[in-house]
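According to TrEMBL, the transmembrane segment annotation covers 24-42, 48-68, 104-123, 135-152, 164-181, 193-214, 234-255.
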């Protein structure tokens with residue numbers, strides 16, 4: 001067992017010693033390799049979106065277990081949950097007035113669970129909430145997304161307000177996890193259930209991003225044209241990519257800790 005860990009340890013040690021630009025290059029290379037693998041193995045790329053929703057549901061299940069069985073919300077960001085509730089609420093409204101489908105039902109389930117998590121953190125388990133660590137102000141995230149949505153939004157036939165709200169929820173979803181990452185950055189040690197939940201978010205967002213990228217490749221760019229014109233189609237795709245890369249660093253340390261047999265994830269300084 002120790003022999004099998006030595007090559008992995010050597011690789012992680014080598015990677016850790018690389019300069020930031022080389023790490024970024026290797027991360028992009030790994031992402032492209034994973035996309036190529038999925039394109040070859042997965043024939044129906046719509047199933048990637050289903051897989052993303054399934055992994056997200058697993059992450060939420062871990063969160064529910066933590067709150068109900070462990071009776072603690074230590075390490076969780078209330079602000080990330082509130083941002084999630086905001087973009088889900090806006091997306092649900094847009095879904096009802098613009099394009100009601102099966103995704104609307106999935107969003108309703110996620111929205112209900114998120115509201116329950118917020119209730120548990122605010123009222124039932126507030127004594128274990130790390131308010132001093134959850135110190136990223138929400139308006140630092142919400143205001144830029146709102147301003148960007150005013151200028152860059154879909155060019156469909158729907159009402160202007162609805163198109164702006166749809167853009168807002170797309171942008172906000174991409175960065176809603178930032179307060180959770182700030183909490184983990186402040187604590188430096190992430191306990192297992194929180195780590196499992198955030199890792200599930202990372203995998204779900206990678207699968208969702210892969211779904212979008214592969215759909216664009218399969219349609220030879222026609223999907224972007226169908227979304228409208230101007231900067232909006234590119235920003236939709238960029239938002240998916242940003243969601244993935246925001247969590248990529250944490251996922252690396254999660255896998256490193258898992259391979260090393262550690263129950264908690266220890267983050268060095270500088271990891272967002």
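Keep in mind that glycine also has a Cβ here, set from the backbone N, Cα and C atoms.
Long-range contacts of the transmembrane segment (104-123) within the same chain: residues 53, 56, 60, 63-64, 67, 73, 76, 78, 81-82, 84-85, 88-89, 91-92, 95-96, 129, each at least 6 residues beyond the stretch ends and with a Cβ under 8 Å from a Cβ of the stretch.
The recorded stretches the transmembrane segment (234-255) and the transmembrane segment (48-68) do not share 3+ CB pairs below 8 A when only pairs 6 or more apart in sequence are counted, and are therefore not in contact. Counting Cβ pairs under 8 Å that are 6 or more residues apart, the transmembrane segment (135-152) and the transmembrane segment (164-181) reach 3 or more and are in contact. A Cβ distance under 8 Å defines the sequence-distant neighbours of the transmembrane segment (48-68), meaning residues of its chain 6+ beyond its ends; these are 38, 42, 76, 106, 110, 113, 117, 120-121, 125, 193-194, 196-201, 203-205, 207-208, 210-211, 214.
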